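Participant: Can you read through this structure? Questions will come right after.
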Amino acid sequence: MTTVRVGLGERSYDVVIEAGLLARAADRLLPLARGRVMPIVTDENVLPHLETLRAALGAAGVASEAIVLPPGESTKSWAMLEQLSDRLLDLGVERGDHVIALGGGVIGDLVGFACSILKRGCGFVQVPTTLLAQVDSSVGGKTAINTRAGKNLIGAFHQPALVLIDPTVLETLPPRQVRAGYAEVVKYGLIDDADFFAWCEANGAALLAGDLPLREHAIAYSVAAKARIVAEDERETRGRRALLNLGHTFGHALEAETGFSERLFHGEGVAAGMALAYGFSAAQGIAPHAAAARVTEHLRAVGLPDGLATAGVSASGKTLVGHMLHDKKMDAGTLPFLLARDIGESYVDKAVDLGAVEAFLDAQGR
Ligand code: GLY
């Protein structure tokens with residue numbers, strides 16, 4: 001068992017990582033239940049884990065109420081926010097109560113946002129069931145829904161009171177989903193930890209094949225890395241948290257081009273985006289070509305997209321840069337890029353020439 005503390009003053013909380021934790025979750029949840037009914041919000045794909053969690057709570061004398069939403073990105077909508085908020089209000093949720101978000105990033109983001117506004121903010125607990133949610137979205141308090149103008153454009157920073165991560169829930173996840181989440185694990189190595197990237201090179205394939213101790217290590221390491229960054233820059237105002245967006249600007253363009261659809265999962269877009277960020281850094285003479293090659297080789301070795309072709313994108317540089325200009329990271333008319341000087345040496349560059357990005361992307365397409 002590993003416990004990582006996210007140190008945010010009065011908003012500090014623990015992230016507990018342990019195989020089999022779901023069945024033992026009541027020990028952690030009992031103090032938050034206050035003798036009241038705990039709402040558990042989940043989606044239709046997570047029903048077996050819902051049963052495990054409800055049984056564990058029931059055995060500890062905690063009553064729960066399940067709210068099961070449709071799976072998929074379209075659940076992060078105004079309509080679902082309204083529906084969920086009404087259900088939680090009907091259940092009489094109070095500010096001091098805790099709603100459990102049991103699911104992937106969609107459930108975590110929607111429930112977190114609903115709880116940020118319910119009675120001006122009630123408590124919630126993240127119980128992430130995808131690798132992507134376990135190593136990224138469940139930690140750090142970013143919550144949001146999508147609108148017709150784009151993804152995650154309406155949201156709030158609202159930290160959970162507790163995050164419970166059971167790596168065994170990944171065993172029932174489709175391998176493609178686990179692989180996509182693994183891109184965010186690799187990201188922590190590329191941001192500022194060359195040793196961890198080397199660990200990924202050595203262990204990534206076995207982790208993806210199902211090795212539980214390796215999965216547990218990667219999750220705990222990733223969560224600790226994220227907790228450090230979030231504690232330094234909770235609201236992404238000091239530049240530090242922006243590093244977590246490595247690969248996301250290029251990746252956003254690829255996701256937009258593929259219609260934010262199942263053609264390219266978010267983690268797959270991030271993988272290809274990280275390869276492009278390193279490739280662009282090398283093309284600009286900022287990073288050694290050998291560093292970009294290592295990134296590409298590792299992503300390819302584990303079956304993740306490593307560029308435009310493997311992401312299934314053939315659009316021009318102009319089209320892709322056009323998508324980037326709709327990115328929510330736009331800042332006073334400029335688009336900050338996450339570039340790298342080497343493996344584990346990423347930085348934010350606010351003066352990237354978009355013409356050079358276009359030319360680089362056009363060259364990739366050839
Ligand atoms: N997923 C990026 C962040 O939490 O800041």
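Every residue gets a Cβ built from N, Cα and C, even glycine.
Automated prediction, rather than curation, is the source of TrEMBL annotations.
Summarising the annotation, TrEMBL assigns domain '3-dehydroquinate synthase N-terminal' to 67-179. Sequence annotations record features per position, and here TrEMBL assigns NAD(+) binding site to Gly105, Val106, Ile107, Gly108, Asp109, Thr129, Thr130, Lys142, Lys151. The domain '3-dehydroquinate synthase C-terminal' annotation in TrEMBL covers 181-329. For Glu184, His248, His266, the entry in TrEMBL reads Zn(2+) binding site.
Can you walk me through where each of these features ends up in the structure?
Facilitator: Averaged across the domain '3-dehydroquinate synthase N-terminal' (67-179), pLDDT in this predicted model comes to 97.
Around the Cβ of Thr130 (NAD(+) binding site), 27 further Cβ atoms fall within 10 Å across all displayed protein chains.
Each residue in the domain '3-dehydroquinate synthase C-terminal' (181-329) gets a DSSP state, and the totals come to 103 helix, 0 strand, 46 coil.
In sequence order, Val270, Gly273, Lys329, Leu338 make up the list of same-chain residues 6 or more apart from His248 (Zn(2+) binding site) whose Cβ falls under 8 Å from its Cβ.
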Participant: State the Cα to Cα distance, in Å, between Asp109 (NAD(+) binding site) and His266 (Zn(2+) binding site), rounded to an integer.
Facilitator: 14
Participant: Can you tell me whether DSSP puts Thr130 (NAD(+) binding site) in helix, strand or coil?
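Facilitator: For Thr130 (NAD(+) binding site) - judged by DSSP and reduced to three states - the answer is coil.
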Participant: Taking the binding-site residues one at a time (Lys151, His266), which has its Cβ surrounded by the most other Cβ atoms within 10 Å?
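Facilitator: When each Cβ's neighbours within 10 Å are tallied, His266 leads.
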Participant: Once Glu184, His248, His266 are set aside, which residues in the chain still have Cβ within 8 Å of the Cβ centroid of the Zn(2+) site?
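Facilitator: Those within range, site residues removed, are Leu132, Asp136, Ala183, Lys187, Gly247, Gly251, Gly267, Gly269, Val270, Gly273.
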Participant: Non-local Cβ contacts of Glu184 (Zn(2+) binding site) (under 8 Å, 6 or more apart, same chain)?
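Facilitator: Set apart from Glu184 (Zn(2+) binding site) by at least 6 residues yet with Cβ under 8 Å, we have Leu131, Leu132, Val135, Asp136, Ser222, Gly267, Val270.
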Participant: What's the CA to CA span in angstrom from Gly105 (NAD(+) binding site) over to His266 (Zn(2+) binding site)?
Facilitator: 10
